[in-house]
């Protein structure tokens with residue numbers, strides 16, 4: 001630990017010697033004051049004009065990320081395990097569910113880099129750590145958005161066209177391959193710095209693609225990645241889930257109208273009422289998924305557009321940590337959406353982890369048979 005302090009002090013002395021403005025006073029220093037000179041070129045100048053945050057802020061964020069990591073890995077690990085191990089859940093549609101949980105899980109694999117940097121007050125792992133952080137973050141972020149879009153497409157087909165829209169294992173595998181092929185060009189371009197690059201942001205403890213360099217190439221890159229990794233998936237998700245919700249409520253309205261014509265209270269039997277409940281849960285889960293996706297990625301999208309095209313002074317180091325926290329928080333919440341809205345997942349989890357005391361009752365066989373088409377969409381909608 002003592003050698004680490006000596007090293008930090010040495011780098012700090014060299015850095016401030018080359019950048020005298022980095023030390024504002026004995027107590028106040030600019031971000032990057034302790035970064036080795038050869039690493040400074042990888043940091044956008046925008047961040048180097050801000051004073052470093054209090055040590056307690058970095059410690060707080062590091063501790064928060066430890067919590068995010070544990071919660072996400074536990075929750076998504078359970079989802080991957082249960083959906084892969086349970087025969088009743090190994091359906092083609094659920095391959096997409098597993099991939100989404102895998103993306104959320106892998107998103108947190110890189111957080112030890114952030115945690116280490118936070119507890120060492122800055123860019124401690126340097127350019128190599130930044131590249132690893134950026135590669136994993138880009139793959140998981142873009143792949144998660146595309147996976148959500150394909151899940152919405154699959155649910156739309158199964159619910160609105162149950163006879164023609166059935167998913168097969170071949171289709172699901174092809175979608176997964178396409179998702180990672182779709183993400184790869186963006187990652188390779190940034191890693192090789194042929195178009196864009198991975199750079200530290202905020203408190204210099206996390207990394208993302210460069211949205212601050214003031215040139216045409218950077219602005220074009222930001223516009224393209226924003227469109228293809230955010231606008232396209234968001235448009236698909238919004239369209240397909242809105243169609244699902246519209247279909248469910250149109251179906252309910254048609255049944256009510258027919259019941260009125262026949263002077264009966266309801267056309268549904270007890271089995272149909274179970275199906276009705278499932279349909280309402282589909283609608284609620286669809287809205288929840290849309291909301292979570294928007295909450296997690298809209299702040300990042302807005303921030304990158306401001307950096308490339310707007311007033312950069314709005315992007316303070318503290319403000320840019322908020323979008324990063326939003327993404328990690330949603331990666332923690334997603335598994336609990338499964339647990340709340342997917343009875344079959346809850347049943348399988350209860351079998352394997354009885355100590356969780358989920359108390360999920362097995363559905364009646366008649367209800368299961370009648371709602372097989374409905375529950376299958378419900379599984380992936382909860383993704």
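These residue numbers are counts, starting from 1, taken along the chain as shown.
For all residues, glycine too, the Cβ spot is worked out from N, Cα and C.
Positions annotated as topological domain 'Extracellular' by Swiss-Prot: 1-57 (among others).
Annotation source Swiss-Prot lists N-linked glycosylation site at 13, citing a curator's inference.
Feature annotation from Swiss-Prot assigns transmembrane segment to 58-82 (among others).
For the topological domain 'Cytoplasmic' (83-94), the model gives a mean pLDDT of 88. Annotation source Swiss-Prot lists topological domain 'Cytoplasmic' at 83-94 (among others).
According to Swiss-Prot, the transmembrane segment annotation covers 95-119 (among others), on the basis of sequence analysis.
If you look up Swiss-Prot, you'll see 120-133 (among others) marked as topological domain 'Extracellular'. Under 8 Å from some Cβ of the topological domain 'Extracellular' (120-133) lie the Cβ atoms of residues 4, 8, 31-32, 34-36, 39, 42-43, 52, 55, 58, 110, 113-114, 191, 198-200, 203-207, all in the same chain and six or more residues away from its ends.
What Swiss-Prot records for 130-207 is disulfide bond. For residue 130 (disulfide bond), other Cβ atoms within 10 Å of its Cβ number 26.
Tertiary neighbourhood of the transmembrane segment (134-153): same-chain residues 93, 96-97, 99-100, 103-104, 106-107, 109-110, 175, 178-180, 182-184, 186-187, 190-191, 198, 207-209, 229-230, 232-234, 236-237, 239-241, 244, 289, 293, 297, 327, 380-381, 383, selected by CB-CB distance under 8 Å and a gap of 6+ residues from either end. Residues or ranges marked as transmembrane segment in Swiss-Prot (evidence: sequence analysis): 134-153 (among others).
Summarising the annotation, Swiss-Prot assigns topological domain 'Cytoplasmic' to 154-171 (among others).
If you look up Swiss-Prot, you'll see 172-196 (among others) marked as transmembrane segment.
Marked as topological domain 'Extracellular' by Swiss-Prot: 197-220 (among others). Using a Cβ-Cβ cut-off under 8 Å and counting only residues 6 or more beyond its ends in the same chain, the topological domain 'Extracellular' (197-220) has close neighbours at 31-32, 35, 42-44, 46-47, 52-53, 57-58, 61, 114, 117-118, 122-123, 129-131, 133-135, 137-138, 186, 190-191, 300, 303-305, 307-309, 312, 315, 317-318, 320-321, 324.
Here Swiss-Prot flags 221-248 (among others) as transmembrane segment. A Cβ distance under 8 Å defines the sequence-distant neighbours of the transmembrane segment (221-248), meaning residues of its chain 6+ beyond its ends; these are 141-142, 145-146, 148-149, 152-153, 155-156, 159-160, 182-183, 186, 189, 195-196, 209-211, 279-280, 282-283, 286-287, 289-290, 293-294, 297, 301, 304-305, 307-309, 377, 381.
If you look up Swiss-Prot, you'll see 249-284 (among others) marked as topological domain 'Cytoplasmic'.
Counting same-chain residues at least six beyond the ends of the transmembrane segment (285-308), those with a Cβ under 8 angstroms from any Cβ of the stretch are 46, 141, 145, 148, 152, 155, 208-209, 211-212, 218-219, 222-223, 225-226, 230, 233-234, 237-238, 241, 244-245, 314-315, 319-320, 322-324, 326-327, 329-331, 333-334, 337, 341, 378, 381-383. Marked as transmembrane segment by Swiss-Prot on the basis of sequence analysis: 285-308 (among others).
Feature annotation from Swiss-Prot assigns topological domain 'Extracellular' to 309-316 (among others). Counting only same-chain residues 6+ beyond the ends of the topological domain 'Extracellular' (309-316), those with a CB under 8 A from a CB of the stretch are 46, 50, 212, 219, 222, 303.
Per Swiss-Prot, the feature transmembrane segment maps to 317-341 (among others); the stated evidence is sequence analysis.
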Distance, residue 328 (N6-(retinylidene)lysine) to residue 207 (disulfide bond) (CA atoms, angstrom): 14
Residue 328 (N6-(retinylidene)lysine) and residue 130 (disulfide bond), Cα-Cα, nearest whole angstrom: 17
Count of other CB atoms lying within 10 Å of the CB belonging to residue 207 (disulfide bond): 31
Set of same-chain residues at least 6 away whose C-beta sits under 8 angstroms from residue 328 (N6-(retinylidene)lysine): 65, 68, 72, 107, 108, 111
